[in-house]
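*Asks:* According to TrEMBL:
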type: ACT_SITE; residues: A:D109; note: active site, proton acceptor
type: ACT_SITE; residues: A:D284; note: active site, nucleophile
type: BINDING; residues: A:D109, A:S110, A:G111, A:G112, A:F113, A:D163, A:Q207, A:G234; note: substrate binding site
type: DOMAIN; residues: A:31-385; note: domain 'tRNA-guanine(15) transglycosylase-like'
type: REGION; residues: A:265-271; note: region 'RNA binding'
type: REGION; residues: A:289-293; note: region 'RNA binding'
Number of protein chains: 2
Amino acid sequence: MSHRPDHEPSTASAGDAPAGFSFRIDGRDGAARTGVITTPRGAIRTPAFMPVGTQATVKGMYMDQVRALGADVILGNTYHLMLRPGAERVAGLGGLHRFGGWSGPILTDSGGFQVMSLSKLRKLSEQGVTFASHIDGSRFELTPERSIEIQGLLGSDIQMQLDECVALPNERAVIDKAMRLSIRWAERSRRAFESQPKGRALFGIVQGGDQPDLRVESARALAAMDFPGYSIGGLAVGEPQDVMLAMIETVMPHLPDDKPHYLMGVGTPDDLIGAIARGVDMFDCVMPTRNGRHGQAFSRFGKLNFRNARHAEDPRPVDETSSCPAARDYSRAYLHHLIRTEEMLGSMLVTWINLAYYQDLMAGARAAIAAGRFTDYAAEVRAGWQRGDLAPYGG
Amino acid sequence: MSHRPDHEPSTASAGDAPAGFSFRIDGRDGAARTGVITTPRGAIRTPAFMPVGTQATVKGMYMDQVRALGADVILGNTYHLMLRPGAERVAGLGGLHRFGGWSGPILTDSGGFQVMSLSKLRKLSEQGVTFASHIDGSRFELTPERSIEIQGLLGSDIQMQLDECVALPNERAVIDKAMRLSIRWAERSRRAFESQPKGRALFGIVQGGDQPDLRVESARALAAMDFPGYSIGGLAVGEPQDVMLAMIETVMPHLPDDKPHYLMGVGTPDDLIGAIARGVDMFDCVMPTRNGRHGQAFSRFGKLNFRNARHAEDPRPVDETSSCPAARDYSRAYLHHLIRTEEMLGSMLVTWINLAYYQDLMAGARAAIAAGRFTDYAAEVRAGWQRGDLAPYGG
């Protein structure tokens, strides 16, 4: 590693896959699958966790660190990037890969989710959504066509249709209406995407809240449009985990089996294990980075909150067997000190620890699926979280 | 580099110097000197700039990055460390080097300066100073003996006597009184230091504000105590640069020539060049790290403020000839974006750029002094700052 932008091609093997966008399943274990998504910018080993690089940076990380952890793909947020620095400016500077120093594949969301959760003065219509920036109040319009245009200007390798995502619980009528609007926007997104260079992919997004029949209807409608990949949106938005997992089970039989399945914005390590068991191939979530910034680490031993005084005199590293320097070479006492004194290095190190753990969890899942022992793997990692790793002087 | 704590021995050559603390002058050019301070933990090439590691971390940097820039020594702040995590706790965890992951020499201040500038409810007496923590109001006492005890518990290689530092301008009587108290505290510090392991060094600190005769009296009194090094304190506290440089010129003839001269808390690149020309060997300052966090870069082309919109579309790196990846591998447009969006990576990169520039400036000074061309070197670097490096589309 060299603390630099990442200019290395992916080391993941794509075998003899074609140069465009494709997905190959190499192993199955129950509903779980492991395989490789091939893109012109490199291969993505699945199941894959995508670190979130909201504003053209994975917060607190150098891109070469992200790459070295085994991440094959990162996510960029269309909403944030359209506000600052602006899609046209990024394009003028050579695109998002060059701008942010990440040479591998980038997946972008459509911007719709953050418009709903962050912006002000929203006005939704059949045409799209107008809103005021949460930063300076300036006005923007996001339509299916403009979202795809922005994602194209960024140079995104895997793009998302604009959709309407509603919080849960919610009235069935609201969920129904948003799901049907999202299907119409899927079709418009698909047409807008046709002018983009070959090798890029557009995913449709399943909506339908916690209503099984609406989820099925959404999945079938999108499948009929023949997208190269399918996202499951509108989950982890307030519902219990069992509802989320039930919705995944409901949807899966109606999505093309030979295309990647991406569960958006999820989740905890336990969520990931549960979703992989049900056939999900791709994930993104701010949890490892956001929680890491505030001192909460994810590890083989479960969660460690470094604000907690029980770490104050603990000379042990977080995980001496980890290949991540942050987990292996710094004492818990030092991490506690850095978090308590609000030092940047504390946020940097715990973020790094968390992204390492998420990538290790995915690597373990891929190997376990390939070996036909994913159920055992899931039980082992859960037992590790339960067992924990209290300091001898406890507390 | 490996984004880790620094566990490498210093690569600076100490020649056949003894294993304890010593200073060897290898070259002179006018009043400027270049040489090597030898300590049991490694050599320090002089003139040396010491990055400030206030709370056992150089803010926003991995220690291996700091080392790779050519820094041979870092500074720790006794005031901050005595409050959090506490000197006894650091000692229990193996000392400051192990705690913070820096294997090279560490210099600590006495804590007195921050007590005066940060703490509350201060009460100064002949005995020492009592104060309330700026964090939680808890009460502490700092005496010359306790300051040395704390620095010893931290395992500091180069320690500072407790002194009283007054702001400028100030009344002569106030300056006079603080200078005389500092001399008495120097003697007490020296006695307290006698029980520490061999190889560590204690520096006396010259005070006297902007009063030449008081500065001379302070320097003579300290020289008579035969310290292994001499600090010049109480400058860069509000006075113009010409006053600061005049005080250095006034003091130098009265300090032992064969001992290191350390100008505390200074300063801008121009301050450093001016002080080196007058015989200063060591510096520390928060400016490269603090200004860097807020987006102000120091470079061969002078200062660059990355909040400024003129960088927004500039694809050039800060300095394509730099050996520092942060200065060489990221566009100014990206740095501008990161600083404007208050991303951690912006603070990390500009801090890194600044510490690299300060180390490069010192390396250049050492080479120029050795070659007998320091005056030319000073003129060249100043011409570079004046010339600047505006983008072609200016602004």
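Heads up, the Cβ atoms here are built off N, Cα and C, so glycines get one too.
Structural setting of the listed features?
*Replies:* Counting every protein chain shown, 30 other Cβ atoms lie within 10 Å of the Cβ of A:D109 (active site, proton acceptor).
Cβ neighbour count for A:D284 (active site, nucleophile) (all protein chains, 10 Å cutoff from its Cβ): 23. Secondary structure at A:D284 (active site, nucleophile), taken from DSSP and collapsed to helix, strand or coil, is strand.
If you take the C-beta of A:F113 (substrate binding site) and look for same-chain residues 6 or more apart in sequence within under 8 angstroms, you find A:Y79, A:C165, A:G233, A:M264, A:G265.
Here the region 'RNA binding' (A:265-271) has long-range neighbours at 113, 233, 235-237, 241, 244, 283-287, 298, 357-358, 361, 381-382, 385, meaning same-chain residues at least 6 beyond its ends whose C-beta is under 8 angstroms from one of its own.
Secondary structure counts, DSSP: the region 'RNA binding' (A:289-293) has 5 helix, 0 strand, 0 coil.
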*Asks:* In the structure shown, which of the binding-site residues A:G111, A:G234 has the fewest other Cβ atoms within 10 Å?
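*Replies:* Least crowded of the binding-site residues A:G111, A:G234, by Cβ count within 10 Å, is A:G111.
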*Asks:* Find the one among the recorded positions A:D109, A:S110, A:G112, A:D163, A:Q207 whose C-alpha lies closest to that of A:D284 (active site, nucleophile).
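*Replies:* The smallest Cα gap between A:D284 (active site, nucleophile) and any of the recorded positions is with A:D109.
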*Asks:* Between A:Q207 (substrate binding site) and A:D109 (active site, proton acceptor), what C-alpha distance do you get in Å?
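*Replies:* It is 15 Å, counting Cα to Cα.
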*Asks:* Roughly how many angstrom lie between the C-alpha atoms of A:D109 (active site, proton acceptor) and A:G234 (substrate binding site)?
*Replies:* 13
*Asks:* Please average pLDDT over the domain 'tRNA-guanine(15) transglycosylase-like' (A:31-385) for the predicted structure.
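*Replies:* Summing pLDDT over the domain 'tRNA-guanine(15) transglycosylase-like' (A:31-385) and dividing by its length gives 97.
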*Asks:* What count of other C-beta atoms do you get within 10 angstroms of the C-beta of A:G112 (substrate binding site), across all chains shown?
*Replies:* 26
*Asks:* Apart from A:D109, A:S110, A:G111, A:G112, A:F113, A:D163, A:Q207, A:G234, which residues in this chain have a Cβ no more than 8 Å from the mean position of the Cβ atoms of those residues at the substrate site?
*Replies:* A:M116, A:M160, A:Q161, A:L162, A:E164, A:C165, A:S182, A:I205, A:G233, A:M264
